[in-house]
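Worksheet: one structure, shown below.
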């Protein structure tokens, strides 16, 4: 058997080298004689490598820990958190953040974990006349995990629930920073790039994260896992990675991809952009096809496992990610029998884009036809209006368009990035890598193969597949961030990472010098010098300008003071019946649900059509509608109390057409506007103003029971005595 196997190997070698005519024995001896004996690496080189890795890992972990501690200290100073009562602490969670934390509290109050999960999946104590699966609809897996950890670790005897909850989120942000550090380190080869990444991330934290505004947001839980996935993918795409490192990166990538998908309902859209980047990387023939298709398998596995564990979430089956990956797999099967380098193969490369796009759209349409789903249809309508493809008077659509996070970035955003020197260096690095990538693509089109090993003297940074992936990915994310400002929190962290990698990479400087044909100074030596000098100068300037500001922020004691809301919550807990249902703005309803536990009519969530309709109907209390109309709307949701917010009723916005009352007037046709010969108006006054005057017919339907400077609470009468 051994001879037969050995004979096969010799036969294969002869096919590759037809000039060899030796017999089996001579071939064996020649193979043995020509086999290079691996030289042992000197001990001092091994020590240098170990020291470099040890210092880099220590710096990465330390950076993450320091950032987590910084967030904790800043949060304490901003809200004076430890000196507040529980009610005042909970008020700091606003809007949808309050909803997420309220379910964490419910899990801790449940007699058992199983019972708590059942009550959340069959929840009828949050929104009146509605039973929801809160775990699936609101992606409450972070709260489930946090509640289990809090009770399993015995932390209930050591730390308060709120500190444990925000501590986990701050810890994840530390992991986020560490993952960005490692990604930049892997790309540049020096941990100095990781340090610069962290510095830029913290200095520009207003544009890199929303952690200091809304701690429980799903993205704050999910994006650290995505950063870990990107770091693992970066290592996995490297050409010089050994088998053990490749296996570790693959396992880390698999675990982080699935976890990311479980933590955030919009995660598959971000992974869809990543899949497009990998598809372009594969299409450019950068010899990473097998690795790229292994990543596609991870996507499919994570989607189907997520579908099963997310209560058969149909949104994952109809997601563009699944259709796109399946289309890529089918397109690959059609090209299996085509030899590389042939004319037919080149033709297939040309039509591959069209084939994949067509299959993706077709499969997605088929999936939506056969799979019952409630995908975010309102988001598609929003995009149509956003890009001017449609016009609407719909309140919800116009309200979304007026949100600052859904508008184009402001000039202040670019000014902040420029002042921290991030944007100029990012543009330099991006242009250099992009042009080098274009050079590589043209070489591949002309039939030139890539080098097995890329040296510094080559000055071809665009030949590295992990660099190409990041260039494509950051262009896609940046294009979206230029349209919708809220997406800057996905793009800016990778701007920090890519810019830091570039200025610390000798390959990038060498690529520039090769284009400039530098001859006066040895380009390799100058590239090495600049890769150390430029980041050092940047770091010193950032330290001098921004470090005192960070220290000042930690030293200043800011006080979160909202006595009106505290008084309102206290009154509800003391005076309102336990079975009462409250109606008001969705943001306020989230706080009421958290602080009191009372049932509400609406929630500040925008992924459910019924909740969006409820929000629009409840907002009618700020429109020019009659008392009877408002009464019918509120009683249809079994509301017992109505809360009118003076800040919304008397809102004075910088953009007049974006005030809630203006949007309602447009939707209801209650604004004075000429449409041909028709002039529309309302014969009723604005409800939130009229109800405060306490005259008929408003007193017939509503009785004021509490008020302060910000809120007016009205009991909705059950017995009406109609008066003229």
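Yeah, the Cβs are placed from backbone N, Cα and C, and that goes for glycine too.
Sequence annotations record features per position, and here TrEMBL assigns transmembrane segment to 53-74, 162-179, 185-203, 248-264, 317-338, 350-371, 423-442, 467-484, 490-512, 524-543.
Simply put, out of 162-179, 185-203, 317-338, 490-512, 524-543, 490-512 has the most Cβ pairs sitting under 8 Å from the transmembrane segment (467-484). Within the same chain, residues 52, 55-56, 59-60, 63, 67, 70, 177, 231, 234-235, 238, 420, 422, 466-467, 470, 493, 496-497, 499-505, 531-532, 535-536, 538-539, 542-543, 546, 550 sit at least 6 positions outside the transmembrane segment (185-203) and bring their C-beta atoms closer than 8 Å to a C-beta of that stretch. Same-chain neighbours of the transmembrane segment (248-264): 139, 141-142, 218-219, 221-223, 225-226, 228-229, 231-233, 235-236, 241, 271, 294-295, 298-299, 301-303, 305-306, 309-310, 316, counting only residues six or more beyond its ends whose CB sits under 8 Å from a CB of the stretch.
Tertiary proximity for the transmembrane segment (524-543) is limited to same-chain residues at least six positions away from its ends with a CB under 8 Å from its CB atoms, namely 188, 190, 192-193, 195-196, 199-200, 203, 420-421, 425, 456-457, 500, 503-510, 513, 518.
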